[in-house]
Each structure stands twice: as structure tokens, then as C-alpha cells.
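**Q** Feature list, courtesy of Swiss-Prot:
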DISULFID  CYS90-CYS95  disulfide bond
DISULFID  CYS189-CYS205  disulfide bond
DISULFID  CYS344-CYS371  disulfide bond
SIGNAL    1-22  signal peptide
Amino acid sequence: MLAQSCCLRLLILLLLFTSICSVSKKSLKYFRNRKLRERRIKLFGTKKTEIQSLLISTWNYTDANLQAWSVLQQGHRRTRQAVIQGCMACQNQRCGRLLAGRSSPDTEGALTLEAAIMDGESLEYGAVAGMDGVRNAILVADAVLKYTKHSVLVGKSATKFARSLGYKEEYLTDARTKNVLKKWSSNGCQPNFWRDVHPSPAENCGPYSPLPEHLHQHPMHQEYAITQGQHDQLAFLALDAEGKFHVASQSSGAQFRIPGRVGDSAVPGAGIYADNEVGGAVASGDGDVLMRHLPAFLAVEAMRAGKDPDQAAEWVVQRLLRHNTEFNGAVVVVNRRGIYAAACAGLDEFHFVVSGGKEYLSMARVERVKCLERENEVIDGGPKGLFPTIPEKQKVP
């Protein structure tokens, strides 16, 4: 009887110990999951978080922004059509040195285009680069995303792809292009993108031959000035009330570039990037620097790691400046709730246009930010001008 009593007590103690361990494990798992959930809410918000529709474009072209915004307001899931509309509007108007100005040729006088579009939901990306003979490159980039398993097509093969889908081929170079090239040639081909060659590219047009390696001058200096109205790339970001992002970029390429050069507009993460779980970003500036550092991608990942948009924007620009002290350009960052910020370097100030948002629902406004090199200032919203006139819409297929 004594032995049976002892066994019964041991069994009860064993069951009690097992029960306590089970409760402890469940409690630990609960608190771990709670911490993970709290962190996710901090980073990404909850389903109940109100999202404000937003349309942002780089530089100060309000007409193109308003056309894109009007498309975004037409109905459900219009972010893709909105950013395409913005790119098309700038392509067919005079936005900086874009195609309408026909003043951004390569050193052989050719006008080639590049464009890209990214879906923040699927993370699919479509782009073309070095494409000649087709005006609306953004439509071809969108076709790469929709109809192929590739991400980027380049050169004459991109033109051939566009023709196969029915896009009209046209001769883009005209008298204005030839005049721009003639002036450049008469000025000793300045500026240009050669280095460490003979004769000196700072004084001569070439042809060039490589210098011996011991004569190379490794530091690269920024000679390609980017100012208001004197740039070749624009980017658009659209966010709808469901939290869906699309970003797009279109460019005629750096003026007097070496033929064959691919720019940041076609490189994922350099000029544009978006992820619906986190947010989106667009960048503009010295494309060769942007391609080396992928600032749009870095900005989104900085927000994923917990930074606010203003912190992410400034961090990215400061990182670029650490490696490229003469960099000029900017980044605009938007989180998944529509909160935006921008930072820049190397300019007096950077302009971008915003439509939508919580306080100013239907008016494009030019935002201005003083660049970090001079004022160490970051912008995070606020109206700077109202542009209520909406120009005639262009149809987006």
C-alpha cells in the first residue's frame, strides 16, 4: 500500500510539472508572437490604417503630374495607368531635355530612350534602354513587364520588340538635335564622359586610346550639371487608397553620353522601387552614381528596417555623399500610408510635385527642399503652390 501511495504521488507530481512546462511554453510563444506583431504594426501599420491616394513626380512639371493624378482618380486600381500617363505626358511635352526637346543626343547624334515600370504588389519590373525609333518608351517597358518573363530589353532588339507589338517606328533626330551636337563639337566636345585616355578628353574630341595604368587619375569629378530644367529623367510614383504602388521612370539619357550607355531609369532600384508592404521611392540625379548605389531600393529597405520616410531619405543621400562627395541629385520616399519625404544634395534646392494626400486632395503643388550639402534640411510635406488647371488627358492603353 505504501509503495502504491508513493507511486501515485510521483505520478501526480509528474503530471503537474508537465502541465506547468506546457503553460510556460505557450506563454513564451504568446509573448514572442506579440512582440513580432507589435514590430510589424510599427513597420507596416494595420489593415485599419487609413491610406491616402498620392501621385508624386520629380522636378516641377505640374501638367504631367495633374494628368497622372486625374487618371489615378478614375477608379479602382489605376496606379499603373497613372504613372504611364505621367511619363507619356512628359514625353510629348517639353520636360527638361526629354524627347520633346530633342536635345539630349549621344556623341554620335542619336536619340535613344529608356524607361521602366515596377508593380509594388508583384515586384515585377519591365524596362527598355538604349532604344531608338520609338517615342513612348514607357509603353514598351510596360509591354516587357506584361508580355515577357524578362525585366530589361536593350538597343535595337528593344526597338524590334516594340515593332513586333505594333508600336510605330519613327526617326527621332531633327535639326535641333544636329544643332546641339554641332555646338558641342565646336566647344571641344565638352563636357564628355571619357577619362584616363589620350588625347586628354578635357580638351579634345578624340578618337581616344587608353593611357598606361600608372598615368590613370582615379578620382571622378562631377561635370554633368543637373539643374532645374536641365535634366533628362523624370519619375512618377502612384499610391491608391488600397495601398497599391506603381512607380515609373522615363529618360532620354545623359546628354553627350557614349553610345551604348545604359542609364539609371532602366536599372531596378536605381531610379525607382516599390513594395506594397513597405512603400516606394524615386530618385533623380547623376545616373551613373545612382546605378552604383541603388538609392530607391535602399530607401525602401531602410523603411523596412524601421526608419521613417524622412530618416530614410536623408540616410540614403548621406550614404551617396560618403562615396561621391560631388554627387547632385535627390530621392523622394513614401511609406505605405502615404507619408512622404525628400532629401537632396548638390543643388540649391530640389523640386517635386505632389497631388493628393490627406489635406490637399486634388491639387498639384510644388514641394521644395533645400539640399543637405547647404542647409541640411529635409522636407516632409506642405503646400508651396496650387495649379488647378487640368490639361487635356491622353489615353493610356
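Here the Cβ of each residue, glycine as well, is placed from N, Cα and C on the backbone.
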**Q** So if I measure Cβ to Cβ from CYS344 (disulfide bond) and keep only same-chain residues at least 6 apart in sequence, which ones fall under 8 Å?
**A** GLY285, VAL317, ASN328, GLY329, ALA330, VAL331, PHE350, VAL369, CYS371, LEU372
**Q** Looking only at DSSP and grouping its letters into three states, which state does CYS90 (disulfide bond) belong to?
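**A** In the DSSP reduction, CYS90 (disulfide bond) maps to helix.
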**Q** Let me make sure I understand the structure: which of the disulfide-bonded residues listed (CYS90, CYS95, CYS189, CYS371) has the fewest other Cβ atoms within 10 A of its Cβ?
**A** CYS189
**Q** To the nearest whole angstrom, what is the C-alpha distance linking CYS90 (disulfide bond) and CYS205 (disulfide bond)?
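**A** Answer for this pair: 32 Å between alpha carbons.
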**Q** According to DSSP, does CYS371 (disulfide bond) fall in a helix, a strand, or coil?
**A** coil
**Q** Need the DSSP three-state call for CYS344 (disulfide bond) to compare against my parser.
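**A** Once the DSSP labels are grouped into three classes, CYS344 (disulfide bond) ends up as strand.
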**Q** In terms of DSSP three-state secondary structure, what is the assignment for CYS189 (disulfide bond)?
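**A** In three-state terms, CYS189 (disulfide bond) counts as coil.
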**Q** Near CYS205 (disulfide bond), how many other Cβ atoms are within 10 Å of its Cβ?
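**A** So the Cβ neighbour count for CYS205 (disulfide bond) comes to 17.
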